[in-house]
Amino acid sequence: MQINFSKMQGLGNDFMVLDNITQNVFLSNEQVSKLADRNFGVGFDQLLVVEAPYDPEIDFHYRIFNADGSEVEQCGNGARCFARFVRLKGLINKNRIAVSTKSGNIVLYIEKDGQVTVNMGVPKLAPQQIPFKANSQEKTYILQANEQNVLAGAVSMGNPHCVLTVDNIDTADVETLGPILESHERFPERANVGFMQIINRQSIRLRVYERGAGETLACGTGACAAVVVGILQGKLDNSVEVELPGGKLKISWGGEGQAVKMTGPAVHVFDGQINI
């Protein structure tokens, strides 16, 4: 079977995007994993699938698959690329795009300068909603990892996140702590792990070890989660520039009960066809 796809990237977080409105493609976990292979496949961090909406109030349904073939709830960098893709392919002609995902509905805005703002929804802070094993909701939790106690925040941006504050992300032990905390017993659905260095109240540096993908150049939901945790802990203001290895995002959050907004780039790289 031959399928048409686009390759896109947001801050180096790269995606294979499938239009499942004009074609019908159903891939197994194994097929997704093979396509994700950078030596023998297309190569990507996540596969994004555009589907027809299930609700008349929604423009599209948005599905996300990690490089290991597992389907996940949300991807912020992918959402920006999703918005750019549906406009580029003529699937929609407006700048406000309502999208449903596995974890709920989000709204995407294509800005005049070409950047995309994503209303990422209200972060979930209650442990049972993340999900995270804890007796009560706290701003900071103590986790045991690699024979040491680690202080971390926990939040869901449609997917679970664990956020650590470190002195310097260049020397942070991402390679060791990342996989340990990703699969920590207190995160029953595993977690994305963020390592946050606070520069000042309006600026942070961030590295993210993503669930099912390892460390990536950028993670949109990870940037949102880090800013939420930093604000909750009283370390950050309501609007923050997040510097990731792949580039910068602008994240804003008004506090509990408010939606997080993320603004950043989305780039179309090329279109292709592949036989599977």
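Cβ atoms are placed via backbone N, Cα and C, with glycine included.
If you check TrEMBL, you get these features:
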| type | residues | note |
| --- | --- | --- |
| BINDING | Asn13, Gln46, Asn66, Gly76, Asn77, Asn159, Asn192, Glu210, Arg211, Gly220, Thr221 | substrate binding site |
| ACT_SITE | Cys75 | active site |
| ACT_SITE | Cys75 | active site, proton donor |
| ACT_SITE | Cys219 | active site, proton acceptor |
| SITE | Phe270 | site 'Important for dimerization' |
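Closest to the residue listed as 'active site, proton acceptor' in space, going by CA atoms and restricting to the recorded positions Asn66, Asn77, Phe270, is Asn77. Non-local neighbourhood of Asn66 (substrate binding site): Asp45, Gln46, Val72, Glu210, Arg211, Gly212, Ala213, each in the same chain, at least six residues away, with C-beta under 8 Å from its C-beta. For Asn13 (substrate binding site), the same-chain residues that are 6 or more apart in sequence and have a Cβ closer than 8 Å to its Cβ are Asp45, Gln46, Asn77, Gly78, Thr216, Leu217, Ala218, Cys219, Gly220, Gly246. In the shown protein chains, 24 other C-beta atoms lie within 10 A of the C-beta of Arg211 (substrate binding site).
Cα separation, Cys75 (active site) to Phe270 (site 'Important for dimerization'), rounded: 21 Å.
Least crowded of the active-site residues (Cys75, Cys219), judged by neighbouring Cβ atoms within 10 Å of its own Cβ: Cys75.
Comparing Phe270 (site 'Important for dimerization') with Thr221 (substrate binding site), their Cα atoms are 25 Å apart once rounded.
Residues Asn13, Gln46, Asn66, Gly76, Asn77, Asn159, Asn192, Glu210, Arg211, Gly220, Thr221, recorded as binding substrate, reach a greatest CA to CA spacing of 17 Å. Mapped onto three states, the DSSP output places Arg211 (substrate binding site) in coil.
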